[in-house]
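Below is one structure, written out as structure tokens; the observations come after it.
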Amino acid sequence: MKLEDDKIHSPTNTEEEGYGSDVEVENGTDISGSKGGSGVELKRPDLKGSFRCSICSKVFCHSSSLSRHRMQAHFKSYKCTVCRKDISSSESLRTHMFKQHHISRMYMCRCCNWAFPDKSLLHIHLQTATNNNDSNNNNNSVIPHGVINRSCHLITDPFQLIRTPLLNLPTPQSLESSVPSLPIASIPIPALQSPIRSQPQTPSWLANLPKPIPTTAPIFVADSKEKIKDEVEKPDVYTSQSPTCSSVSFKSDLSAFHQLCSDRALISSPLIDTASPSSSSSSSRISPRHECFDCHVSRTKILISENKCKLLEHKIGTMQQESLEANAQMNGLEQTVLRLRMEAHALREHNELFQRKLLECQNLAVKFLQNDKAHDASEMNSFLRILINNTILTRPF
């Protein structure tokens, strides 16, 4: 049964979409260098078998071929399990998970195309779906992942399948007294606090885990042990027992994975206090991988705006310098225009004076010719003197 479960939850069927796969070692084989299903088929020939499509009953030799067939023929969208939104492509899903939920890695279920923010949640999801079909597939020679009962994905609250195994985990008597006395690798996972508990059977793989299930949620440092105890004792979740699965009601409208991530933050905070006491004084940080994408975009826009402002200031300074030079040139031109106007006025006066003198000379010449004194030398000399005096425009100094 263990070997069959390994085939059901092989890396080919739990390949993460959008981001590179982590280095995983299952059954002693490294599959970190594989891309899609072809590399795994070459390195793991034991995964070859009969994979039947539960919708059209076609049989495929490899699980990757079955997954590709499901996505191309039957399922045209991916589902975000955080906000329960249907998305058309894996690239759009990756962008949505990073921008809307600040999740940099996602893990896909090849059966229903749901995107999980944590690999442990994907394993719980697949294990729960597989346990519901073990009784129906014991005598079937076909590998059962292709015929998983898809009714588990028709539940109104799909996260009941994830929380059901967690409700039966042991709770320590006192979080304050038990955490410092135990080594890091042996700290148990605290169960969700509820007044009524159901009694489902805990899966063997979950009970034998050597350490808490890892999570991609940011780890926050607790301020004090009393604060941790108050947060653990706070009754945030109420459960009630039903014949099929436990129904969970939340106080707020937050998603189910948000509640699980907040519970794991309480588990992670004592580990930091035990390993390094000095880290409690530092402020809570978020990994650079989980930086806000909107912050990067806003910072880039601010830098572009600052560069534009500097360029505009430089242009304004240049235009002010040019305006000062233009004002100086205008002042010089105004002085030149005034000087030219004065010269024109002086030339106009000289022209008028010359015209008057010319008219006087003409009158004197006409009078001299009318008197018939041209033969008298003395009269001629006096006439010439008068004519010369009239032609002088300015008086000598």
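Please read every residue number as a count from 1 along the shown chain.
Using N, Cα and C of the backbone, Cβ positions are placed for all residues, glycine too.
Feature list (source: Swiss-Prot):
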type	residues	note
COMPBIAS	14-27	compositional bias 'Acidic residues'
REGION	1-40	region 'Disordered'
ZN_FING	51-74	zinc finger
ZN_FING	78-102	zinc finger
ZN_FING	107-125	zinc finger
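Residues belonging to the zinc finger (78-102) score a mean pLDDT of 82 in the model. DSSP labels the residues of the zinc finger (51-74) in these numbers: 12 helix, 4 strand, 8 coil. Each residue in the zinc finger (107-125) gets a DSSP state, and the totals come to 7 helix, 5 strand, 7 coil.
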